[in-house]
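Copied over from TrEMBL:
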BINDING   Cys118, His161, His165  Fe cation binding site
ACT_SITE  Glu162  active site
Amino acid sequence: MSKFTSDYMITMKDIVKEGSPILRQVTEEVELPLSKEDKDTLICMMQFLKNSQDPVISKKYGLRAGVGLSANQIGLNKRMFVVYFTDEKGVLHEYTMINPKIISTSTSMTYLPQSEGCLSVDREIVGFVPRYERVKVKAIDIEGKEFTIRFKKFPAIVFQHEMDHLNGIMFYDRINQDNPFKLPENVDINSL
Ligand SMILES: [Zn+2]
């Protein structure tokens with residue numbers, strides 16, 4: 001049994017840090033129909049993101065603010081993650097994604113001018129992380145229903161960051177090793 005029951009509170013001690021092998025492996029498909037255990041884990045993961053953005057709770061428990069969390073970041077070898085954030089237009093994005101697949105991407109790309117951050121990385125990393133500007137995605141939600149969704153700009157970046165986790169990729173793998181501020185050539189790429 002996983003300890004991540006729906007009333008368990010994830011704190012920073014549960015977050016797997018870089019260097020751990022589970023962050024470097026391609027995670028396994030979640031078995032469907034979704035088990036109660038997996039569902040509870042996802043509820044628990046989503047609650048962590050909400051807590052981490054709550055000024056009072058995050059301070060009390062020393063939580064770093066996060067907008068996404070993948071199952072392998074809490075040590076589980078499963079293709080599922082949660083995202084929770086408000087975008088630049090003030091729209092709330094709250095998604096649970098099980099066995100997500102990218103259906104299509106834009107040719108244009110984007111990046112965060114201040115690089116990306118990760119709950120599993122405690123050091124500061126500089127450099128641009130090129131991401132597709134838009135992605136179309138298919139996944140299973142927490143009720144076990146398949147859905148298709150399009151993300152663009154910041155939400156697309158968050159999605160691709162989490163999707164990378166499921167494939168054992170860290171955001172800094174995508175930063176140019178010779179010059180961290182060098183962008184891919186012959187690509188329409190603009191800062192977010
Ligand atoms: Zn991350």
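Note: Cβ is positioned from N, Cα and C throughout, glycine not excepted.
On the structure: features taken from TrEMBL.
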| residue | record | Cβ neighbours (10 Å) |
| --- | --- | --- |
| Cys118 | Fe cation binding site | 22 |
| His161 | Fe cation binding site | 24 |
| Glu162 | active site | 23 |
| His165 | Fe cation binding site | 23 |
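Geometry remark: Glu162 (active site) versus Cys118 (Fe cation binding site), CA distance 10 Å. Note: the Fe cation site is recorded as Cys118, His161, His165; in the same chain, Gly68, Ser70, Gln73, Glu116, Leu119, Ser120, Glu162, Asp164, Met170, Phe171 also have Cβ atoms within 8 Å of that site's Cβ centroid.
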